[in-house]
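Enquirer: What Swiss-Prot records for this protein is below:
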TRANSMEM  3-23  transmembrane segment
TRANSMEM  24-44  transmembrane segment
TRANSMEM  49-69  transmembrane segment
TRANSMEM  76-96  transmembrane segment
TRANSMEM  121-141  transmembrane segment
TRANSMEM  149-169  transmembrane segment
């Protein structure tokens with residue numbers, strides 16, 4: 001359910017684009033993200049740092065799109081977010097010797113240190129590649145194709161990557177012996 005809640009602004013962006021245009025969709029995405037953050041705050045009295053980052057990025061890039069009436073800015077938004085994730089994952093290891101993927105998952109999964117390092121690097125590489133791919137689609141295809149890619153293509157690639165990671169991780173997880 002959290003996954004669908006997190007997709008709320010993207011789904012509304014997609015619907016608004018189909019019903020109107022990129023500028024209406026951008027305004028809807030900004031409003032939906034503000035409402036989403038407000039709801040999270042109302043329910044939990046706490047908002048995750050990444051949700052604040054997402055709000056900041058949609059406000060800046062979406063705002064620039066609306067003020068300057070230039071869709072290029074909103075098309076850069078996913079790339080900036082993906083690259084921030086990639087830099088965050090690699091930077092935390094290089095600068096603070098902290099593996100963020102491990103910090104998020106180690107309560108659910110036990111893995112050897114080298115596997116955690118590869119997993120973190122794989123996610124950083126995935127996000128970096130997704131940023132490049134987003135720009136490729138944004139500049140080589142129509143705005144409509146980019147909007148479709150933003151919802152279906154990027155989510156599909158994320159799902160494929162998660163499944164591939166799960167298969168790869170299953171080979172490295174310790175077996176539970178039941179006597």
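Glycine residues also receive a Cβ, built from the backbone N, Cα and C atoms like all the rest.
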Enquirer: Counting only residues 6 or more past its boundaries, what in the same chain has a CB within less than 8 Å of a CB in the transmembrane segment (49-69)?
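Expert: For the transmembrane segment (49-69), the nonlocal Cβ contacts are 9, 22-23, 26-27, 29-30, 33-34, 36-37, 40, 76-77, 80-81, 84.
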Enquirer: Which bits of the chain, at least 6 residues beyond where the transmembrane segment (149-169) starts or stops, bring a Cβ under 8 A of a Cβ in it?
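Expert: For the transmembrane segment (149-169), the far contacts come to 7, 10-11, 13-14, 78, 109, 111, 115, 119, 122, 126, 130, 133-134, 137, 141.
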Enquirer: What residues in the same chain, six or more past the boundaries of the transmembrane segment (121-141), come closer than 8 Å to it by Cβ-Cβ distance?
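Expert: Same-chain residues near the transmembrane segment (121-141) but 6 or more away: 72, 75-76, 78-80, 82-83, 85-86, 89-90, 101, 149-150, 153-154, 157-158, 161, 165.
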